[in-house]
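Take a look at the structure below.
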């Protein structure tokens, strides 16, 4: 490989390095927890809508869905146009500006009232997702132009490996800030630097990766003629789908398995905070480990694909993902054992109880929290330094309400007339038993987690390591396999379909999660994601890769022969 080609491939990989800051620090680690916190401050556990009670993770799922929907609608048409005009790099730039700019704008949330801050995050995250998903269509379409079929697995997995490492490095920096620096500016700073990281390393890609040459380009495309061209060629491709049976069967399989995988990665952060009660710091630490596990795993799966086949290596990773999702159902915070672990702690002092709180900022501005504070605020502490003061009768009433109420809080009494009394709200993370699948978590807690002393943080971390191993193979191999079985002369069109299937799939998973978590609970919603991956894995058995490669080469040969015979001059669009 020439030095120039090596620089080009490195430039291609650096885009993954840059955009992964959004996918790790923003989408997975910090923003879900920040969003859940601000939502809780403004609304409490849930807010009533025309669709019923909706929690923070439900709103988050709808945000992911909305961004994917906007891109899914236009991806195939843009793909056709990009295959007939030299706009791949131009569109990559424009959509990068949108995505990185919206990510940077997330940092502006504190400028708004608390009631609007979570709404601002929702809107900016939606725009950032549009930029990320749209740029992904054009970025992925460049892959077949970076090397030949035998190099595809290596280049695709190398790009993903760069992404895991680049995103992981910035996440370590963010973790250091969150753990070591106090101040309201820290989280917004992490958002801003994620946007700048994405934009800055994308400039490397823009400088090193040339616009690919295309067969028989169309000159002078205007909006109207471009739209007509896109519709005409899309109709032709869809009409002749039987010529690409293997390709379209793979896209259906991809639709299902990537939906499950992407839904897990997109929703894991908010699930960890809203359902399991993880802190932002614990979540970031887990994601850091996942990133650095996924980096070598990407190269390991390239080796496995070389020793077996791309299809076999991908199938191994999909089976592993099913195991991960089943494991996620068993997550369960250990029952509170020590007095100091409770949200409200009442300690007897001669003739009254001193009242301390695990987090004095736990009460937000929601109606439920305001009502709670109006009832009990007279004896709660104003700060961490000065305890509150409560009588024995007040403590008895409080603990009783905590036991029977709908709160997310816990209370414990030490000493005095009510010694040993405890209370646990229905919505406390350790409260299991009411959900359809809570028995899975409670059984795992009783027979596995509690005997081994494994906290929910360690549970999340262990399964996260396995997810990191699988991420290193599933994403890169899915993309490289697709790149092998599409005609290079129609790479953006088919990657447009690839993006369309992926984005529509990205609608189904989060939408299914949102609906099922609203009707049932979050554990039922997580279980549904395993069904998607199982369907995709079964369909993969019927994908004939060798046939797909042969058909793609024949289509390229036919198009190039047609171009050399009758299209010596560039075509001109009719306006």
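For all residues, glycine too, the Cβ spot is worked out from N, Cα and C.
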Annotated transmembrane segment segment (source TrEMBL; candidates 1-20, 21-40): 21-40
Transmembrane segment range according to TrEMBL, out of 60-82, 221-243: 60-82
Highest-contact recorded stretch vs the transmembrane segment (283-305), from 185-207, 247-271, 447-473, 522-543, CB pairs under 8 Å: 447-473
Tertiary contacts of the transmembrane segment (159-179), as residues 6+ beyond its ends and Cβ separation under 8 Å: 12-21, 23-25, 29-30, 143, 186-187, 189-190, 193-194, 197, 201, 280-281, 284-285, 287-288, 291-292, 294-296, 298-299, 468, 471-472, 475-476
Close approaches to the transmembrane segment (118-139) from elsewhere in its chain (Cβ under 8 angstroms; 6 or more beyond its ends): 15, 19, 22-23, 26, 31, 34-35, 38-39, 42-43, 56, 59, 63-64, 66-68, 70-71, 74-75, 78-79, 82, 88-89, 91-92, 95-103, 105-106, 108-109, 112, 492, 495-496, 498-499, 503, 506
Close approaches to the transmembrane segment (522-543) from elsewhere in its chain (Cβ under 8 angstroms; 6 or more beyond its ends): 57, 246, 249-250, 252-261, 263-264, 271, 274-275, 311, 314-315, 318-319, 321-322, 325-326, 328-329, 435-438, 440-441, 505, 508-509, 512-516
Recorded stretch, among 21-40, 185-207, 247-271, 312-332, maximising Cβ pairs under 8 Å relative to the transmembrane segment (94-112): 185-207
